[in-house]
Amino acid sequence: MRVLVSNDDGVDAPGIQVLAEALRHAGHEVMVVAPDRDRSGASNSLTLDVPIRTRRIDAQTCAVAGTPTDCVHLALTGMLDYDPDIVVSGINNSANLGDDVIYSGTVSAAMEGRFLGLPAVAVSLVTHNHQAHNYDTAARAAVEIVARLKADPLPADTILNVNVPDLAWSDVLGFEVTRLGNRHRSEPCVPQRDPRGHTVYWIGPAGPEQDAGAGTDFHAVRTGHISITPIHVDLTRYQALDTVAGWVGGLTAALDGPA
């Protein structure tokens, strides 16, 4: 298959290089289109206020001065001279568990691929303090999952979010299909003083696990399993539709009131 590979850690990150090489070794034609620097936390943002510059590193690698979503969007809307068959994003150098997927550039790159009509997988290595040791395990998991997707495709609105414990392949206990867990609210932001005496802020750490019991992605990884979570983008809160519908009469009446 023709595989488009992207990430949010940047085109030079070790995770994307290991992933691309593993996919090539499995017989796939791989094109890497990734940010020219770390764009972690970029979520689904597109660059609309300035033109986006690109730089060909070699015939199979392109660096983009933009977000992960920019990378996939450009690659699938005319920048390449062929159409890929699948998007694989990663390997991220940290977890994308539970609420993380809302902010994750790794997941968003896969999501953009799905929006533009391709099957998509996001792969993350759940490291401690961003010190990764087993990218090869995550890459092997990605290769196996891509093979299954080719043989048994998923519905067109589905993205696979894969989280891999930082273990040797022989130490992984298995694969688990999971749902997204949840974290507590984020830790406080971190204020500092710059050299001119002005207060600046760093975003604080993600909150600790909250909904992380059996069946969640958190639990699977914590117990030595590779978590596969099928996700889709429909933010409708169906349970609230009837309640909000009950407001409509009053809201409509307000239209007849004084301006």
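Keep in mind that glycine also has a Cβ here, set from the backbone N, Cα and C atoms.
Here is what Swiss-Prot says about this protein:
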| type | residues | note |
| --- | --- | --- |
| BINDING | D8, D9, S40, N92 | divalent metal cation binding site |
Binding-site residues compared (S40, N92) - highest count of Cβ atoms within 10 Å: N92
Neighbourhood of D8 (divalent metal cation binding site) by C-beta distance under 8 A, where only residues 6 or more apart in the same chain count: P35, D38, R39, S40, G41, A42, T67, P68, S89, N92, S104, G105, T106, S108, A109
Residues close to divalent metal cation site centre defined by D8, D9, S40, N92, Cβ within 8 Å: N7, G10, A13, G15, D38, R39, P68, N93, S94, S104, G105, T106
Same-chain residues at least 6 apart in sequence whose Cβ lies under 8 Å from D9 (divalent metal cation binding site): G15, I16, D38, S40, N92, N93, T106
